[in-house]
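Annotation comment: TrEMBL describes 49-69, 89-112, 143-169, 189-211, 218-236, 274-293 as transmembrane segment.
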Amino acid sequence: MSSEAADERVAAASVVDVARAEPARRSGGGTLWLLGSELLTLFRRLRTWAMLAALAAIPVLIGVALIIAGPAPSGRGPTFLSEITNNGLFVGMTALIVAIPLFLPLTIGVVAGDTIAGEASHGTLRYLLIAPAGRVRLLLVKYLAAAAFCAAATLTVVVVGTLVGWALFPIGPVTLLSGATIDVGEALLRFLAIAAYVTVSLLGMSAIGLFLSTLTTVPVGAMAATAILAVVSQILDVLPQLEWLHPWLFTHYWLGFVDLLREPMVWDAFVDNALLQAGYILVFGALAVGRFLTKDVLS
């Protein structure tokens, strides 16, 4: 059975589940149930697990490459790469830096771009809209599921990277960018904070993907457009002629998590990033609602 056929069967099963749950939805407890059903649908798709496996492969490849080729020269390659052979905890951070520009946006683009367009292409969208005001609720649930995938994708890279580093390299106290040293326990807590930072960074992109998904019944188009916008935003962010625009680009603070590896931790980038992503969520969420409420759903 192909992955596409399997996804269609999962989507059909989701519609049946939602139809059976209609009494619960009308009683007011249906939003959480619908969210649970959507998360179950998302995380039992082969495509979802294939993308998470691809992300998990990044720290594995980094660790194996360093075992085979030896330590990287200082100052060359991604940040922290030269530190890995001395402390395996840096595998997760290096993998995250490698994944952020392209691999994470690709996977988020696939999930966010498929939210509405995927249902339309499978012919299941109209069956999901079976309750009054169901469209807004459906958009909210679809977005929350995409946000959950953002967290899962980020944690996959960080957790697998930490485990790979633990298995292949020495583990010990971590020297921060400011020169201070912290123990392993505190380092792991900071890595979780960094995972939260990156998850927040991807929420604005998810809102963009949700909006684009309401514009088409072809999910591949919404997926590609979302991923391309992330690449274009990063290109614009490195052009000095557009410096005035940089703080408004949704990718501008994506690598600002390095401030969490200082002593004391600097939270300015985290706050600025959260505010920026919230702005994108509000704008593109409103656009998605406006478009979806006036859309003729024929499939």
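Glycine is treated like the rest: Cβ placed from N, Cα and C.
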Requested in this report: Would you confirm whether the transmembrane segment (89-112) and the transmembrane segment (274-293) meet the contact rule of 3 or more C-beta pairs below 8 angstroms, pairs 6 or more apart in sequence?
Outcome: no
**Report entry** Other parts of the chain folded back onto the transmembrane segment (274-293), taken as Cβ under 8 Å at six or more residues beyond its ends
**Finding:** 116, 135-136, 139, 143, 200-201, 203-205, 207-208, 210-211, 213-215, 247-248, 250, 252-253
Query raised in the report: Which bits of the chain, at least 6 residues beyond where the transmembrane segment (49-69) starts or stops, bring a Cβ under 8 A of a Cβ in it?
Result: 3, 43, 81, 84-85, 88, 91-92, 94-95, 98-99, 103-104, 107, 110-111, 152-153, 156-157, 160-161, 164-165, 167-169
